[in-house]
Amino acid sequence: MKKLSIPLLLALIAVGTVLAAHFELLDLYIQTVIMFVGVNIILSSSFNIINGYMGEFACGHAGFMAVGAYVTSVLNLMLFTKSKAFGPPLLSPDLALYFFPVTLILGGIAAAITGLIVAVPSFKTRDDYLAIITLAANFIIVSLFINMDIVGGARGLMGMKQIIFAMEDIVFIPWMLIWVFTFTYLTVFIIRRFVTSTYGKGIIAIHQDEIAAEIMSVNTDKMKLVAFMLSSGLAGVAGGLFAHILGYINPNSFGILKSTECLVMVYMGGMGSLSGSIIAAILFTLLIEGLRFIIPAADTLIHYLPLIPDTFHLSQVLKWVIIPLILVILMQFRPEGIMGNRELSDFFPKLKRFYVFK
Amino acid sequence: MSLLKIEGLTQKFGGLTAVSDFSTHFQGNELMGLIGPNGAGKTTVFNIVSGFYTPTRGNIIFKDKPINGLKPHVVTGMGIARTFQNIRLWHDMSLLDNILISQHHNLGYTLLDSFLRNKRYVDNEHRMRTIAMDLLEQLDLIQFKDERPGNLPYGVQRKIEIARALSVKPDLLLLDEPAAGLNSADVQDLIKLIAWIHKEFNIAIWMIEHQMAVVMSLCSWIQVIDFGKTIAQGTPEEIQSNPAVIKAYLGDDNI
Ligand SMILES: Nc1ncnc2c1ncn2[C@@H]1O[C@H](COP(=O)(O)OP(=O)(O)OP(=O)(O)O)[C@@H](O)[C@H]1O
Ligand SMILES: [Mg+2]
């Protein structure tokens, strides 16, 4: 029973949400926010492998997300829809439902392979230099997509909503919610198993003393390869989900701001804490969505109080200030984040009575 | 039979020759000492043998295979484990994890197995855990198994480093100044421990040590280096009365 308590609880939440969505008890906006929470959990927990458990300072996570988003989207558009760029569908749209997880995983694999451009330099480089390399990788990937006309260039790629419609034609239920729940659960599950195995703890040893790790028989190059590819692969899966939640993507949504969001979530939750990453992803998503309402409200308020000239408006661009600012404040006042490198069960040992992780 | 054979080992760092034309030979399970004044090149010899540096010149043959140029984790996997002059434990994880991770060369399962937690994973994790627990039991460290090494006394940390090296199941154990920083009671315990390990595990031990009491009571053969060059070797008695050694340690009276 203890073994099943967490999966059961999560299944209950997932089924409850899906049912509520199906019977139109949840409006579309709230559904979208829930799905963004899922995507952000995948992003922050996968990024935590590198910046938390392995203790590197990467900062281009969104680049890998972009690869996943584009590869999955292009595959689906090619296979199941009629589009200007890719012509008639190669397969019957009826199959979209069954192939969606496959294309998502293929996007993840493509992102994992792209992860090599960071993994290989990491054999010899650390710290600031590696940070610069990851940043460069992020820019390279984004400009690559901007300059690829077949995927819409800077205008972006559209039409992914049709894949959802194709899925819903088979069975009419909120499929995207189901996929997001499934892949979020799988991600956390895989990472949890990885970092608690003796195999995965090799990356924690690299964090704490890389030379000792190598000399005590840990193949550090291989571990770095595994960690970077796992991390970027999962980011790719997040990207694929993201693309289909929105229905369209644009290279600039995977730029440095998105990577900064990933950084904020990891450092907010705590490096090397999986429960921290999850909590931070939830809080952060709610905060960012909250800004959509807070910024216009604040705008009205300060114009009402005539504090600033009428021609000046607070806009959503303020996000660009607030997100990096959170990072600065975090680093100044609580660099260890909400959880430090501990898990929820370390704070509340009594929780352990109700579940075991396997 | 030859366990380790080093011939003509030379290591240059820019203009500095840290080790020059160093040779040694382990037949089987000897307990040998490597001594010399500060900066003589002792740690450098260990760093080369454990794969951390590729030597400028020379051959290292371990169990009939050349090992110069191999990566440290490969060399360790072949059976050479070591401790460090400045303790290098992983301080933010449990003692048990420290002992488990150093069995990485012999995991016996793949990444995929770690996701699936199949029989192969469970069996191998169990095997490694048994090795670790037995070792901690034998070295009387079991009560600290969940502690972080950073919170334990210095003497215990030295012992943990030795335990971690033993978990590799080495044929050759390199100890770099195991008595450094210990008080005299701890030093006596350490001497007993090393003698016990040598007998119990039946392995070769090569030890760098400044405390003569430790070297003289444990080692059957001692090699002395100064400025990277071997200036003497022999039994403890021979070394103690060797004029070149006394000169290297006490300085030249004529200056
Ligand atoms: N990576 C390196 N680069 C340059 N010089 C080095 C390097 N490693 C060691 N040396 C130099 O090589 C010489 C030998 O150093 P080593 O650490 O081997 O001495 P040691 O005999 O272990 O001394 P101690 O008893 O103080 O530990 C020293 O002069 C040291 O400064
Ligand atoms: Mg030394």
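Any Cβ shown, glycine's included, is placed from N, Cα and C.
Nobody curates TrEMBL annotations by hand; they come from automatic prediction.
According to TrEMBL, the transmembrane segment annotation covers A:30-50, A:62-80, A:95-117, A:129-150, A:170-191, A:225-246, A:266-288.
The stretches the transmembrane segment (A:225-246) and the transmembrane segment (A:95-117) are in mutual contact, each linked to the other by at least three Cβ pairs under 8 Å (pairs 6 or more apart in sequence).
Two recorded stretches are said to be in contact when at least 3 C-beta pairs lie under 8 angstroms, sequence spacing 6 or more; the transmembrane segment (A:170-191) and the transmembrane segment (A:62-80) fall short of this definition.
Highest Cβ contact count with the transmembrane segment (A:62-80) among the listed stretches A:30-50, A:95-117, A:129-150, A:266-288 falls to A:95-117 (criterion: pairs under 8 Å). Most Cβ pairs under 8 Å to the transmembrane segment (A:30-50), among the stretches A:95-117, A:129-150, A:266-288, belong to A:266-288.
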